[in-house]
Amino acid sequence: MKLSGLKSVENAHDDSIWACAWVPATENRPALLLTGSLDETVRLWRPDALETFWPSPSTGHCLGVVSVAAHPSGAVAASASLDSFVRVFHVDTNATIGTLEAPPSGVWGMQFDPKGNLLAVAGGSSASVKLWNTSTFELVATLAIPHSEQPRPGDKSGGGGGKFALSVAWSADGRRLACGSMDGTIAVFDVARAKLLHQLEGHFMPVRSLVYSPLDSRVLFSASDDSCVHMYDAEGKSLVSAMSGHASWVLSVDASPDGAAIATGSSDRTVKLWDLGMRAAVQTMSNHGDLVWGVAFRPPGGAGVRAGRLASVSDDKSISLYDYS
Amino acid sequence: MAEEEGEDELRRLQESVDAEPQNASHHFEIGRLLWKKGEEENSREMKEKAVESFVISARLNPNNSAAFRYLGHYYSQVTVDEQRASKCYLRAVNLNPEDFESGECLCDLLDGAGKESLEISVCREASERSPKAFWAFRRLGYLLVHQKKWSEAVQSLQQAIRGYPTCADLWEGLGVAYQRLGMFTAAIKGVEQFRRALEISPANISGHFGLSSALLGLSKECINLGAFSWAASLLEEASDVTEASTHLAGNYSSLWKLLGDIKIAFAKCLPWIEDRKNGENDQELFETSVQRWTRARVLSVQSATHAYQRALHLSPWQANIYSDIANSIDLMDAFDEKIGAPIDIWQLPEKMSLGSLMLEGGNSEFWVSLGCLSPDNPLKQHALIRGLQLDVSRSLYRKSGNEQLSKKSFDQARSIDPTLALPWAGMSVDSPASGESLASEAYESCLRAVQLLPLPEFQIGLGKLAYLSGRLVLGAINQAVQRAPYLPESHNLKGLSCEARSDNQSAIVSYSNALYALHAFCKPAAESQIADISINLARSLCKAGRAYDAEQVCDNLKTKGNNTCEFYGKRDLSLTEAAHLAKNIPGMDPSSGAAALGLICKLVYCSLGQDHAVRTILKSPRELLQSSKTSFLVAALCALDASSPLQSLLAKGLSKLSTAEIIDMHCLTALSKMLVDESHINSRILSAQHHLKKALHMYPDSGLIRCIPSRGLRSANEVIGSANVACCGSSTGKPKLSFSTCGGLSVPLSKTIHLLQKWLHEEPWNHTAQYLLILGIMQKARVEKYPPHLCLAVRRLLSSALAREIYSTGEKQHQLYQKFQLLLCSSEICLQTGDHRGCIGRATEASRLPVSCDGLFFAHLQLCRAYAALDDLQNIRGEYLKCLQQETRHEIGWILLKHLESRHRLRSSDEDGGIDVNFAACLKGNEQSRQMWAAAFDLVCAQSFVWDEDFLLAEQTLARACAVCMELARRQAGPRFLSLAIRSLTRAQETSAAPLPVVSALLAQAVGSSAAKEKWAKNLQSEWFSWPAERRPPEVYFQMHLLPEVHDAEPSRSRGSWVLRSIHMNPYSQRYWKALRKLMEG
């Protein structure tokens, strides 16, 4: 289990890069890397050379792009910016399919469900997760996170106990949806019944990123500003283990397709690889020069592609690609 | 009938054979028919006849695998010639690898002959040749499972299941294979496979056994991970399954043993779950919940013992069941705390383990368990040594109590197997004993141990060590509480870690739990422990603001005669404490003295206020102020009150600080400069910004701070953002025509917006960041004349910002003001995008907010503008009057109102100069930019006079404005402008001019009209230079064409090209076109 640097592109965007996601392979092309940046553009990259896929970067956002997500089919992707709307577009042509907005809800993290029927969007100060149908692009459901009874220590919004939804993750079987809040709690929803199951506690600072284990829909990983990575038993409502090692906020977490490792990006400017058997960091990559906002493992699939790939993006405007083996 | 038909067919075939003796298929058909008959009548002759036909057919067509199959059947069943049979089958399989019948028969034959390797190679060959040879995959899978080649078996079995999805054995085999693969993920899959198998055949004992053992395996993985409640739920399911199968078949000892194992595992892993009611516990509740938990575990162990006994009863020859019983009895004793009972020479657990040893003397595990169970020291040591001899990879000396040896053995054990947790834990216990410096090393090894094996004892140890070395391990502590709720230590540590994360509520609960645990389970409760925990409890109660409760806790302690000098919950109490402390200070050493001083200051500040705190500090000895913390206190107090006598102390303190502290200090100073006095807000911000810049220049490394959540640059962010917004706000009307009026704005607007976005991205919940970003983008939109995409973006941002809870419930003045501003922005955006109704709605909402200052003026002004856009004269007048009532200190407000007033002729005849008077009052208070405002006001007035067609007055006002402008120009624009300004001042009476940059053009005109051609040219040229290159308006180009051909500006240009350029920039002006036409004609 190790990472080795393959390629790094300096100045891949004109400003800080804030989001990255892999677009799954389709029949006529391999998996591609999608990045979003403060320079208001979304760009698509061809691995392993990291050449741009589109002739010109995608525009359409007026403010920085905070989140990108790809449909499991690989044909469609979405990007969201600070001005609170989601642009959905064809990956191959970069043609806009539609814009999703549900004012006054903000838009932060988002993810398509594993079957590709729904898009979940963390609604920021609206304290809810919006579910959009991906064929009609209509708002299907709003999963609200209830107020906590007592103000939590991390609550900086000033409003008594109001949540701020930052991140979302779908479980591998598509039945559960987790949503990370600014106060460090993680709400777990039963999607079929559109019902809150419970809230996981353990973090005391904002939960920036969440990912379910690809193998088991009970296991949830979370990255928080308290510089810890937690592993939860999301059904049993218990904290399984806490992994510490980053020196500052953990901004992003992703689980490897084989389920044996996770990778994290932090504002201490490093990318760490964690062995889940040992529950310890086995490798630290420090090639970035500024906050690492996103890490993403390439999903398996595509013609003859077996090698694992990890991408990371950073405030230093660069993208790095690693071989994971 | 059927027979006859068969006869008929036989006859028919015989005929066709006779007709075509070389056709293999006819022979084959005959053979098949005969064989079938032979099967039916069980006659050997018939079969022999059939074989003849098959032989002929095979000879004619050697590629017909079916013929060989029948031949194989014949040899194996009729003549029992295995050699030949297998050859025929082999041939059949080789010809058609998907022929499952011959494949199975061949394998049965080989199996019967014990030729396993041959069997595997046959299956492998067949499976490689065709992916649909499912029989081969199945066979191969079973064989590989048999040979314990798990990972290969999984592949084959998976392939086979595709062919036989309803074969329970296959699912089961796959389950076994996954389970044995031993990986967590594989174990999960194993459980699934067993479930499938049971769905297909629900009464399958081995399926039940497999499922429950798979669940047991999975739960062990879960325990290793630390997911105890998950493991417990798995184990419950497993024991249900096993019990169900014991009903099906009660005579398998292995089932009972499995049940015992499951129960034991359940007892060990069942987590204690805190049942909170209203966030607080009481003693009784806590005790009952812990007792319930204990009882559940004891019951589970009891049933485990029973299950083991049954197993033993069924198969008394199995040694390991003796040892299992021994272990379970021991565990039960441990739960029941019967350790204090009188020690027999041969206790029950010991006897049982001896029983197992008698059966298998060479098993090291039994020796070890005997060693662990025996209360007798020499026997223990002997047993352990014996175990060690048999298996060197164990480290057992720790238990035998030999320190010296234990250390060596730990090191050795670790080098043999680094994944064993015990050695790590042992090392961590040893290292603090050998010196404080090793605490962090101990922490590391303990952490490793906890990660490898989450036992509560390890976790508590880790918690203690972490507390020593100042780290947070909430996860481990939480688990420790779940596993060992009867230990007050674990609750106390949890409280400490909650408190460290400032989660006071949970900390209070944990501390009180710790107290309950102390009272309930540690009967001779140590006084010191009670005191410690109570102090913790009181402290966290204080922090949570429940002074009364805290005091009660203190009182409880005081009655027991403890010294409670740590509390500062209640005011008078704290003061007495402070006084007490103050008396003691001179006797303390400097560092603790400084800390005490800090505490006193805090107390005094909280209870008596700022002045008293200042006085305290002034009274205190100077050398105590050297420490960094005190310096911060002093600086903070200085910032709050600039005239405080502490300023002199501040400089002295700075010398001893570290870099990080200095950076913090600089931020503090910057803040203090912002707060400093009543001067103009811009200048305050700028001075703060300036200071920050200087600080950054001194410590360029502190850019690091941006990565770390530090207050330092965050406030810098805020300063820059607000400065930007403020500067843009104060720049005059049309930015395209004017220069940046704010010298302090070093960062360009777009850059600032990026900075603000970064800030918002780092702290999405920060409403101030969002607010400033909105204002910034508003400015940008204004500069760019409200392009639709920016309007859309601002509108979205506004709607999400306004929906924030803080604005719907917030009572604080600055929140109200922010909301007010946002509403006005929103209204403006609506106005710009033509949504008048929305605009009016927002502005009305804003006007209803109880904002202080003169905000309401602007709300009404906005309403005026909205109605103006609708040409609703009635309402404009109403709002105008409200504006006049509200009044404002801001000049810009009056100017705008004046503009509106004149535009729509709102001024009624009976009131005279309401605006003018108010404006004059405004100007009096403003020293710095009085002239600028006056000029702007005059300009508007002039405009209004023009509208009134009162040209005389207009001219006068404009002249006045111009004069003021000149004055401004003289002050601001440097030497090049100077002479020009002085000259123009003398001519101000003759001219009617507009504000700043246009001045020289107008002057030029003036000079030109007085027929001084040289001066005119000069003026015009200076006008050219007075504009920055990218902002020259078309008019300047146009004017330039009037100049003689050769001049300094751009020598190579012809007159035509000047006009062309001006037309290019403004194609709508008829004048330019006319001039061009003239030029062309000329």
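Even glycines carry a Cβ here, placed using N, Cα and C.
Noted in TrEMBL for the protein shown:
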REPEAT    A:10-45  repeat 'WD'
REPEAT    A:58-99  repeat 'WD'
REPEAT    A:167-199  repeat 'WD'
REPEAT    A:200-242  repeat 'WD'
REPEAT    A:243-284  repeat 'WD'
Long-range Cβ neighbours of the repeat 'WD' (A:243-284) (under 8 Å; 6 or more residues past either end): 1-3, 205, 208-216, 221-225, 227-231, 290-300, 308, 310, 312, 314, 320, 322, 324
Counts of helix, strand and coil residues, the repeat 'WD' (A:58-99), according to DSSP: 0 helix, 22 strand, 20 coil
Mean per-residue pLDDT computed across the repeat 'WD' (A:167-199): 91
Same-chain residues near the repeat 'WD' (A:200-242), Cβ under 8 Å, at least 6 residues beyond its ends: 109, 152-154, 164, 166-173, 175-176, 178-188, 248-257, 259, 262, 264, 266, 274, 276, 279
Tertiary contacts of the repeat 'WD' (A:10-45) (same chain, 6+ residues out, Cβ under 8 Å): 51-54, 57-59, 61-70, 72-75, 77, 79, 81, 91-92, 94, 290-291, 293-299, 301-303, 305, 309, 311-319, 321
Helix-strand-coil residue split for the repeat 'WD' (A:243-284), DSSP-based: 0 helix, 24 strand, 18 coil
Tally of DSSP helical, extended and coil residues in the repeat 'WD' (A:167-199): 0 helix, 20 strand, 13 coil
DSSP helix/strand/coil residue counts for the repeat 'WD' (A:200-242): 0 helix, 24 strand, 19 coil
Tally of DSSP helical, extended and coil residues in the repeat 'WD' (A:10-45): 0 helix, 19 strand, 17 coil
